[in-house]
Every structure is written in structure tokens, then in C-alpha cells.
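Novice: One structure follows; several queries about it will come next.
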Amino acid sequence: MLKKYLFLTKPGILFGNFITTLGGFFLAAQGSIDILLLLLTLIGTTLVVASGCVVNNVIDQDIDTKMQRTQNRALVKKTISPTVALVYAFVLGVMGFSILWFGVNGYAFLFAMIGFIVYVGFYSLWTKRTSIHQTVIGSISGASPPVIGYTAVTHQFDVAALLLFLAYALWQMPHSWAIAIYRFDDYKNAGIPILPVARSIYRTKIECVIYILLFAAVLNGLYCFGYTNVFFLITFNALTAYWFYLSIIGFKAENDQLWAKRFFLYSVILITLLSLSFSFTYQSPAPNLPLF
């Protein structure tokens with residue numbers, strides 16, 4: 001019984017957002033970790049993300065029946081009712097937002113709210129079914145957790161927070177498209193107008209190259225503005241260079257699905273290593289460049 005409710009929250013997404021929240025927190029903390037604040041930030045963010053994922057499951061019931069990857073979800077199999085799922089999402093959301101508001105700060109609460117509203121409203125209810133730009137919209141919600149982690153410590157939105165937001169949003173474009181290429185038939189059967197389906201796999205590969213270059217350019221800004229050290233500069237660019245290499249060899253791939261799987265898995269490794277590296281690649285003291 002409990003397993004059904006756990007999988008309703010999409011544990012893979014929870015883990016990914018847990019890591020990126022941790023990364024933002026590490027960068028801001030500069031080695032001085034407030035354990036209680038860290039725990040409250042991680043728990044609050046995870047609960048909010050879990051709430052959004054449960055609501056997404058409710059919204060996507062009709063789509064999930066058409067996709068092999070999602071045909072066994074609890075709402076599709078009707079082992080959990082939509083009403084129970086929404087109550088579950090409400091409880092998770094109330095707990096998560098309360099922790100961020102009362103235990104962290106208004107900035108963390110604000111960016112959690114932005115991420116939730118974009119994911120549930122603008123992505124799940126609207127653009128996922130209607131627009132080729134759905135991934136751009138969805139990337140806003142995916143880029144919120146590192147900013148939540150960062151502002152939990154700094155109590156302000158500064159240049160580093162902006163760079164984190166932009167970089168993590170840019171990373172999500174090729175990451176998400178790789179899933180769509182790997183599961184191309186699923187997305188096509190469900191009628192989801194994501195780029196590989198709505199345009200072509202070749203066009204998607206071109207845009208993956210562009211977004212990887214933009215991702216690298218933006219995140220190098222952390223070093224240029226003095227937020228990270230030279231070790232970050234070297235290791236980040238080495239890791240990203242290999243991702244870029246994978247994007248280039250994709251044009252000669254004999255099997256697009258196998259290439260996309262490899263490309264996707266490396267994107268996960270990259271963002272995980274990047275986020276964890278902020279625990280020791282920060283530059284202290286960091287510049288004070290607040291935006292609001």
C-alpha cells in the first residue's frame with residue numbers, strides 16, 4: 001500500500017530535485033553548513049515537489065494510458081482514486097510550503113511556489129498537451145530547487161542565484177529531449193507535441209548542441225563573477241565537454257534510441273556531480289551582488 005503512494009510522488013524526480021537543492025545550498029553556504037536549516041530546506045522542497053508530481057499524475061491519467069512507460073501507474077490501474085490522490089497532494093503541499101515559510105524564509109517559499117504553479121498549471125495543464133515550447137515552460141519549475149537551496153542561506157536573490165536558475169533551466173532542455181527520443185513512440189502515441197515528435201529528431205539534436213553551449217556559457221559565469229574557484233572551472237568544463245561530445249556523435253548514431261539513453265544518463269551524472277561539487281568548489285568570500 002505505502003509503495004503505491006511513494007511511486008505516485010515520482011521518486012526519481014524527487015531525488016533529482018533533492019540533489020539540485022543541495023547544490024544550491026552548498027554554493028551559498030561556503031562550507032558553513034547549518035544542519036537544521038539544510039534539513040528543513042530539503043524536506044520542505046521535497047514535499048512540495050512530491051505534491052506537484054502527484055497532481056501531475058492526476059492530470060496525466062489519460063496520457064499515461066497511452067504510454068508503455070506509464071501504463072502501470074496507480075491512477076491508470078485505478079488502485080488509487082483521483083480524489084484520494086488530490087488529498088494526498090494537498091497534505092504534502094501544505095506540509096512542504098509550511099516548512100519553507102516558517103522554517104526557512106520567504107525567498108525559498110516564493111521560488112517553491114513559482115516552481116509548483118508553473119509545473120502544475122502552465123506545464124501539466126496547458127503546454128504539455130498543446131505547445132512545442134512545453135519543455136521551456138517546464139524547465140522553469142525544474143530550475144527552482146537550486147534557487148530554493150541557495151536563497152535559503154543567502155536570504156536574497158543575487159547574480160549567483162540568477163546564473164543557477166538559468167543554467168539548470170538550460171540543462172533541462174537536452175535532458176528532457178533525450179527522454180523523448182528514447183521513448184519516441186510513447187510520446188508520439190500519446191500525442192505530446194514535444195520537439196522530437198513535433199519537428200524531428202535531427203532538429204532536436206541541433207538544439208541540444210546549442211543548449212549545451214548556452215548551459216556552459218552561463219554556468220561559467222559563476223567563476224567569472226567570483227562565486228566558484230578554478231577547480232570548478234576546470235572540472236565543470238571537462239564534464240560538459242564530454243556531454244557536448246556525446247551531442248555531436250549523435251548526428252552519426254545508427255540507433256537514435258540507444259544514443260539518447262546514453263546521452264540522457266550522462267546528463268544525470270553531470271548535473272549530480274555539478275551540484276555536489278558546490279560543496280568544495282565555492283569561492284569564499286563570495287561577492288555580494290544582490291538583485292532583489
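Backbone N, Cα and C atoms are what each Cβ position is placed from, and that goes for glycine too.
Below are the features listed in Swiss-Prot for this protein:
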TRANSMEM  13-33  transmembrane segment
TRANSMEM  35-55  transmembrane segment
TRANSMEM  84-104  transmembrane segment
TRANSMEM  106-126  transmembrane segment
TRANSMEM  135-155  transmembrane segment
TRANSMEM  161-181  transmembrane segment
TRANSMEM  206-226  transmembrane segment
TRANSMEM  231-251  transmembrane segment
TRANSMEM  263-283  transmembrane segment
Novice: Cβ under 8 Å to the transmembrane segment (206-226), counting only same-chain residues 6 or more beyond its ends: which ones?
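Specialist: Counting only partners 6 or more residues beyond its ends, the transmembrane segment (206-226) has Cβ contacts under 8 Å with 27, 159-160, 163-164, 166-167, 170-171, 173-174, 177-178, 195, 232-233, 236-237, 240, 243-244, 247-248, 250, 263, 274, 283, 286-287, 289.
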Novice: So which residues does the transmembrane segment (35-55) touch in its own chain, when a touch means Cβ under 8 Å and the partner is 6 or more beyond its ends?
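Specialist: Residues 8-10, 13-14, 17-18, 21-22, 25, 29, 85-86, 88-90, 92-93, 95-100, 103-104, 108, 112, 115-116, 119-120, 124, 141, 145, 148-149, 152-153 contact the transmembrane segment (35-55) from elsewhere in the chain.
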Novice: Test of understanding: applying the rule of at least three C-beta pairs under 8 Å (pairs 6 or more apart in sequence), is the transmembrane segment (135-155) touching the transmembrane segment (106-126)?
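Specialist: The answer is yes, given that the two segments have at least 3 Cβ pairs within the 8 Å cut-off.
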Novice: Counting a contact as 3 or more Cβ pairs under 8 Å, with residues at least 6 apart in sequence, do the transmembrane segment (13-33) and the transmembrane segment (231-251) touch?
Specialist: no
Novice: Under an 8 Å Cβ to Cβ limit, what residues of the same chain, 6 or more beyond the ends of the transmembrane segment (231-251), are close to it?
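Specialist: That would be 174, 202, 205, 208-209, 212-213, 215-216, 219-220, 222-223, 259-260, 262-263, 266-267, 270, 273-274, 277, 280-281.
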